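These notes concern the structure reproduced below.
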Amino acid sequence: MSGVSHICSQSVPCRTGVVVVGRGCVLIIRRPRGLVEGLGALGVALLLLLSCRLAVMGSQPPEFAPADNPAADCESPGVRGLTFLFLPAFNAWLLVFPYTLSFDWSMEAIPLVTSLADPRNLASVALYCCLALLALSSLLSLRRRRSGEDVAGGEAATSGDVTIMGLAFIVLPFLPATNLFFYVGFVVAERILYIPSMGVCLLVAWGAHLLHARARTSRARRLVQAALVLLFLLFSARTWTRNHDWATEENLYRSGIAVNPPKGEYIPSHSH
């Protein structure tokens, strides 16, 4: 199954990396001496699968129209870099606040980041600072675990494991979409956020657990519970309204006009 999926999807190899991270966490706790052996076997299998995929592709990256990914076709390295740094922040915003959604973010749906003065760069800085802090917290937890300061199964140790797995679910499956290794045929694609959304849910759930456990009064605990229920209801309502957009092809195209106006030209041909 994994081998076939590697050939069919460009993000599957990085999803396999989530398995590697999870296996590493287990080995560190239960069998530290088998860490290198276990991860080595997984690494070799992953390299073999990647080699098969490259062979199927003819060792050449796929080619796309310039309109599919305008930043990739931009001649300025600075503009390309700033735009590609911003796109993960935009995707992160879609995960935590999925109010504006579209089936197609190509063309000029997201304008290029052309200068350091663009305020969107602040979103990029905020995202990478948050990721760095979470990664640092996870590394410190692993270091304390190895030195014996944290007992396996304790809250601090568990928090480190949850953070590591949450980051793995968020970052690794998203790597192919960053244009870091090769240019992709889209600016933003909501379909690639399915697996990262699991990581966000994991971190949110664990954060809510910690807030609830450390609340000193029953009122504070009820506030945490109410906030979770409200969050669940809001996201459920957004899912219900988005399902209506996907009910018909015409609804889908109309829902994307606000984000990508040129797509409105296709409505007549798809509505009959």
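Numbering starts at 1 and runs along the chain as it is shown here.
The backbone N, Cα and C atoms fix where each Cβ goes, and this holds for glycine too.
Annotated in TrEMBL:
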DOMAIN    59-131  domain 'DUF1736'
TRANSMEM  38-56  transmembrane segment
TRANSMEM  82-101  transmembrane segment
TRANSMEM  121-142  transmembrane segment
TRANSMEM  162-186  transmembrane segment
TRANSMEM  192-211  transmembrane segment
TRANSMEM  223-241  transmembrane segment
Leading contact stretch, 82-101, 162-186, 192-211, 223-241 vs the transmembrane segment (121-142) - CB distance under 8 Å: 82-101
Tally of residues which DSSP labels helix, strand or coil - the domain 'DUF1736' (59-131): 39 helix, 0 strand, 34 coil
Same-chain residue ranges lying at least 6 outside the transmembrane segment (223-241) that approach it to Cβ under 8 Å: 98-99, 204, 208, 211-212, 215
